[in-house]
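Visitor: Quick one: structure below, then a few questions.
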Ligand code: TRP
């Protein structure tokens, strides 16, 4: 058996909305699977959300809701480290330090900032920086700190976040170049979890399930809402007795991702043989989803109660995370001449 410590993976979750089935299949499940292979850490990037969420009630709600969602979906806070970014004050001190090591030009080239300027240009605004706050501009530095302060080996991300991890590696390189004799940050690497490369889940209008299309099935919606949303998924007018192609059915595509393999195979056969109508298929999808999601929904609702153990779990997680962060900041301070 190898005695070298397991590599560490860090997943950051921005609390800006409620998760849906597409997030569950495409992001949450693959990220949770990493705990089998890595020493896994997960955190809620609540200070990242402040860039866009300006309603204090809502920010508080999203933060708790995202935490409850991940635990309900299977994150075990005893086995992994799970914390809130805002509970780690060391992150914000290191953010200033690394801002001083980060070229402004590097930030000018960051995708999210460039996209915001492009939107201003398209809208015909004279000032391309209109409406852009320094939080958005500095976002990559804060994210770099999230990663570097935990001595992260790998960062599982979607394609849109790849550049941010490269920037984190760049910033680590700049620091190491100057102060490397005294302290060196571990240089992180981005990885794209498996499900990301597979096909996506259709939403209730047949397009990709996405918050921006307003076509999602929320992961923890009530049973009656689940039934209503499943009914809304579009189907064609093929009569009950005629054979149907499972692969071109949105309803079947969702079923296939949630039902046991034999159940899905049997349903595929029945659709192809004719005699199974879309109504029956929808009933089956509802049953499969409801059976799988009921226990998760219950756990989620219990955690969302105001006096649940959720806050204590996050506080305990923060303590574990700070054990990693404090010595790193300490060494950095010494290396730069502050202590
Ligand atoms: N920027 C990420 C997103 O929008 C969230 C995030 C913040 C993150 N800090 C991180 C992800 C550190 C990985 C590591 O999804």
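Glycine residues also receive a Cβ, built from the backbone N, Cα and C atoms like all the rest.
Annotations for this protein, taken from TrEMBL, read as follows:
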type: BINDING; residues: 14, 15, 16, 22, 23, 158, 159, 160, 201, 208, 209, 210, 211, 212; note: ATP binding site
type: MOTIF; residues: 15-23; note: motif ''HIGH' region'
type: BINDING; residues: 146; note: L-tryptophan binding site
type: MOTIF; residues: 208-212; note: motif ''KMSKS' region'
Visitor: Could you round the CA separation between residue 201 (ATP binding site) and residue 146 (L-tryptophan binding site) to a whole angstrom and send it over?
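Guide: So the Cα of residue 146 (L-tryptophan binding site) lies 30 Å away from that of residue 201 (ATP binding site).
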Visitor: Which whole-number value in Å describes the distance between the Cα atoms of residue 146 (L-tryptophan binding site) and residue 14 (ATP binding site)?
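Guide: Taking the Cα atoms only, residue 146 (L-tryptophan binding site) lies 12 Å from residue 14 (ATP binding site).
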Visitor: The record lists 14, 15, 16, 22, 23, 158, 159, 160, 201, 208, 209, 210, 211, 212 as binding ATP. What's the largest Cα to Cα distance among them, in Å, rounded to a whole number?
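Guide: With 14, 15, 16, 22, 23, 158, 159, 160, 201, 208, 209, 210, 211, 212 as the binding residues for ATP, the largest Cα distance is 21 Å.
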Visitor: For ligand 1, list the binding-site residues among 14, 159, 201 whose CB atom is within a distance below 6 Å of it, in sequence order.
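Guide: Correct list: 14.
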Visitor: Far apart in sequence but close in space: which same-chain residues, 6 or more away, have a Cβ under 8 Å from residue 211 (ATP binding site)?
Guide: 17, 20
Visitor: In the motif ''HIGH' region' (15-23), how many residues does DSSP put in helix, strand and coil?
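Guide: So the counts come to 3 helix, 1 strand, 5 coil.
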Visitor: Within 10 Å of its Cβ, which one of these binding-site residues (16, 23) has the largest number of other Cβ atoms?
Guide: 23
